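Here is the structure we will look at.
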């Protein structure tokens, strides 16, 4: 039996590092690039239109936004605003889609990127800055908003960005160990504090204003503004390894299914140093209010590189440094889906198709869809088939039928049984 393979949804002309999904507009947004090095590799943000065609989810290139010499390493999405981490800066972008007047389709001069289902375009009458690609009947435009430097170490790099629940603030973290919080869209700094000694690996903002950060100093901390609330200790009720230091790789809040008012926090722990025989990585679910660990499960010996939680909080998505992709169920932390070395190189980001907006229409008969991108420039699609369940009424009917058949058999074998 051959190795399981995930379908390739799109291939970009540059390494891909970040991914977001806008289910309202049916857009997949992938970003990356070759950076400032003069290698000829471009830098950009690609907007892909997601569609169901003949029962299959497909993507077509709708728009290419050139980011000049800056590769986008991380993304966050809030409505029609993207926050893009580019080197030591955070750049805000606003994108808009609208129906095109008439039947013309245009592409701005200078766009030669190839993608699936690419069409031939006519040059527009007037030239504007940037690159603009139009699919028939649909236009998308991108506007650069504010930009601000968010990291100030000797080798500055913004490593993570996220919005708060109402999209009025965004938080950034990077190699200098500082958390900085900014107003949106003006990017006025409202908070700054030292969260970790060394790099911040990930951060997550909760709806109650609490902020969770994880860093290379092996710590995971919960903050209320700049005040430390508590630190997380995942091994309190879990496995202990005296000779194997672990660090937190990722943290994400997720809804509790059927209890939208409650939250869980999920973290990923990986070995801090590489070993000849690598120990397992771990997933931990935490109570979102007390921050006490609920359960911890191993998630394989491949080092986790990226992590995502589905919009409903039902599924967890993982990518590894060896290119594998997996989907876990959040409640029990059991693995439902796994493709070994799907990319063959480090997976840089994963993102679920949200369940709202056009999500159900695009999912079709599948239970969830996970997108993954990697340094190999490919975006892959991972579909989880719907798990078949038997209705309760049918189970009751089968039980009643089984009881009747049993009684009839006993009556036949032992006359006068009843």
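Cβ coordinates are placed from backbone N, Cα and C, and glycine is handled just like the others.
When the ranges 66-100, 101-135, 136-170 are checked against TrEMBL, the one recorded as region 'Disordered' is 101-135. Taking TrEMBL as the reference, the stretch among 294-312, 313-331, 332-350 described by the feature transmembrane segment is residues 313-331.
Per TrEMBL, the stretch carrying the note transmembrane segment among 369-391, 392-414 is 392-414. Averaged across the repeat 'WD' (161-184), pLDDT for the predicted model comes to 97.
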